[in-house]
Amino acid sequence: MLEGDDASTTHANKAELDKMKYQAMSPSLASDCIKVQLPQAKALDGPYRPATALPTKIPLDPGSSCMLGLRPRLKPRPSLLDLIQRHNLDVGPVPLTSRSSASVDDELPAQIPLPPSPTSPRKTRANSTPPHTPSRAFSQIVASPKRGLKAAKMAPAKTEKDENMGRVFSVSGPVIVAEDMIGCAMYELCAVGHDKLVGEVIRIEADKATIQVYEETAGVTVGDPVIRSGQPLSVELGPGLMETIYDGIQRPLKAIAGISESIYIPRGISLPALDREKKWEFTPGKLKVGDHITGGDVFGTVFENSLLSEHKILLPPRARGTITRIAEKGSYTVDEKILELEFDGKKTEYSMMHKWPVRVPRPVSEKLSSDQPLIVGQRVLDALFPSVQGGTVCIPGAFGCGKTVISQSLSKFSNSDIIVYVGCGERGNEMAEVLMDFPELTIKVNGKDEPIMKRTTLIANTSNMPVAAREASIYTGITVAEYFRDQGKDVAMMADSSSRWAEALREISGRLGEMPADQGFPAYLGAKLASFYERAGRVTALGSPDRKGSVSIVGAVSPPGGDFSDPVTSSTLGIVQVFWGLDKKLAQRKHFPSVNTSLSYSKYTNALDKYYQKHNPDFPRLRERVKELLTTSEDLDQVVQLVGKSALGDPDKITLDVATLIKEDFLQQNGYSDYDQFCPLWKTEWMMKAMMAFHDESQKAVSQGQSWAKIREATSDIQSALRSMKFEVPSEGQEKIEKKYEALMQKMQEKFASVVDE
């Protein structure tokens with residue numbers, strides 16, 4: 001009867017049979033059972049299956065098969081506060097309020113351990129606990145009813161290794177969400193996946209952290225380990241930075257190429273930024289044992305190369321103490337300990353290099369106003385729209401307008417001591433061109449030609465490298481620039497192009513699901529740009545002896561189609577002080593540099609007046625006259641389009657012709673020629689002086705009754721000489737060339753005197 005399989009047996013009959021079955025049990029076993037109330041029996045079609053029936057009494061013996069129907073009721077998932085408390089505290093026995101009547105809830109722990117995450121690795125079937133066997137902790141609780149829960153312990157605390165490890169929860173391109181990341185910090189560096197890809201925490205939510213990965217994430221799967229480093233993204237600062245090319249997170253590309261023997265960067269490769277084997281000749285300073293030293297103090301120097309003969313070794317900005325040991329003069333590697341300090345009873349050792357987080361500006365003693373010009377070598381920029389050492393410059397322009405040529409000219413010929421060139425998202429052949437050209441270009445130092453590569457650091461993050469690393473490359477470059485600024489150097493940093501950096505921000509923001517602003521860029525784009533450009537300036541460095549240095553930032557912007565209303569361009573223009581606007585129409589007419597003189601401006605002209613009064617007294621007056629002449633000619637061009645040039649008077653015709661002379665032979669410059677690739681300030685001043693003198697003499701002759709047609713014909717040789725002024729090679733010497741220009745001015749005066757006398 002118990003084994004019957006009659007199809008007409010109902011659910012009620014099944015319950016009656018189970019009751020008869022368990023009444024036959026021994027009294028001792030039945031007394032240890034808990035009653036479970038069954039739902040109201042209902043008619044059920046189909047054959048009767050006694051194996052699925054629930055018993056009315058369930059014995060609590062762990063070895064009994066009557067446990068099949070028991071499933072303890074789980075508590076709700078713990079809150080974030082519960083997780084933090086469980087993570088940090090070593091929880092002892094769980095206290096339980098005594099109750100008069102025992103129930104199933106009384107016998108269960110206050111917090112049931114959560115089921116394993118679906119992303120955690122699953123155990124094999126052989127090692128897994130059978131579904132009908134209760135856990136060991138639960139069995140101990142039930143087997144000792146008199147002890148209650150006093151013997152119940154929480155799970156053992158995580159080891160230090162486990163605390164620094166999370167697991168990949170989701171992957172979306174360069175953005176990865178990791179779980180079990182309680183305790184991580186914003187901008188903390190992480191190693192993602194089995195290849196240990198470099199990533200940075202950019203969002204924290206409960207126990208999950210969002211990480212932007214600076215390498216290709218192909219192959220990263222859910223459940224892969226994420227190891228926390230406990231440190232932010234930092235760069236190594238010390239001897240050996242010059243003549244080196246890095247990627248966006250300061251990995252040496254030349255060393256990587258030697259190890260991998262490939263033109264591509266292997267995933268997960270990690271090499272020190274500074275050579276650990278090369279020895280440098282260290283010369284200690286005036287400090288000795290027993291002296292007090294604070295952050296930023298110079299305690300020694302190193303000869304790096306002929307253009308950086310005195311690389312100052314600085315104490316990290318946040319260090320201080322009393323010197324207990326300082327190394328003698330000799331050869332050391334960058335990681336050998338050469339200084340020992342004692343502070344508050346604790347001794348700390350320091351080497352020639354130290355690390356600094358890229359997103360934190362290096363501290364300074366004081367910010368100063370800038371009063372020295374940043375010489376670019378381009379006449380239109382140095383004469384009409386000058387910048388200063390420690391200034392901020394924006395170069396927006398469409399594709400093919402010559403942004404990179406201006407940036408490279410600034411790197412090659414500027415009067416800065418150190419050049420940091422960041423190729424952010426631009427074409428790789430531009431960085432290859434820099435690597436090929438810079439070693440061949442030389443400057444004279446103590447009568448000897450030295451390649452300008454010796455004063456240059458390159459940070460390459462080309463367009464085929466991961467997008468997320470573009471953001472890091474900008475911060476890496478400005479941190480290296482600040483390090484040399486603290487040594488008392490004038491540093492020029494080129495960022496080509498900040499539009500690619502903004503596009504990287506837009507992609508990361510879109511994957512994070514943030515609210516987009518204009519053209520999809522994040523709402524905090526302006527704040528990010530401002531925090532970057534704010535790190536420029538002229539300062540008094542921290543520590544002693546007193547040092548003054550500067551960082552000048554020249555940011556190239558690539559608005560789509562040359563539209564200056566682009567969000568990146570408009571946000572940048574509200575921050576920078578100098579605007580060198582490039583015009584697509586001028587570039588199409590082969591007018592280079594294609595700087596639009598009516599759009600560009602500089603707010604540093606008044607700051608440089610004292611410098612010009614001391615070195616070039618006539619320079620400010622000539623600059624204003626050239627600007628005025630160009631503005632007047634633009635107005636006359638519109639009149640000519642309406643009525644024709646013949647309808648103009650002779651004074652207006654002179655203005656138009658001299659403006660054409662200035663545009664074609666003064667503003668234009670051949671960046672690939674020996675004579676015109678760089679124009680010093682004295683040559684620029686002489687050219688302006690001669691051309692404006694020709695304008696003044698022509699106007700004077702017309703006012704005395706001569707016609708412009710006659711004057712133009714009579715002075716054709718003078719005009720030809722004015723056009724040839726740019727062909728004088730500056731390397732011939734300033735004194736020799738100035739004599740030629742003086743002779744030209746004298747000849748011009750004599751010619752106009754003869755024309756007027758006729």
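Note: Cβ is positioned from N, Cα and C throughout, glycine not excepted.
Taken verbatim from TrEMBL:
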REGION    91-146  region 'Disordered'
COMPBIAS  126-142  compositional bias 'Polar residues'
DOMAIN    168-230  domain 'ATPase F1/V1/A1 complex alpha/beta subunit N-terminal'
DOMAIN    272-359  domain 'ATPsynthase alpha/beta subunit barrel-sandwich'
DOMAIN    377-602  domain 'ATPase F1/V1/A1 complex alpha/beta subunit nucleotide-binding'
DOMAIN    609-710  domain 'ATP synthase A/B type C-terminal'
Three-state composition of the domain 'ATPsynthase alpha/beta subunit barrel-sandwich' (272-359), taking helix and strand from DSSP: 0 helix, 43 strand, 45 coil
Helix, strand and coil residues within the domain 'ATP synthase A/B type C-terminal' (609-710) as assigned by DSSP: 79 helix, 0 strand, 23 coil
Proximity verdict for the domain 'ATPase F1/V1/A1 complex alpha/beta subunit N-terminal' (168-230) and the domain 'ATPase F1/V1/A1 complex alpha/beta subunit nucleotide-binding' (377-602), three or more C-beta pairs under 8 Å: yes
Counts of helix, strand and coil residues, the domain 'ATPase F1/V1/A1 complex alpha/beta subunit N-terminal' (168-230), according to DSSP: 0 helix, 36 strand, 27 coil
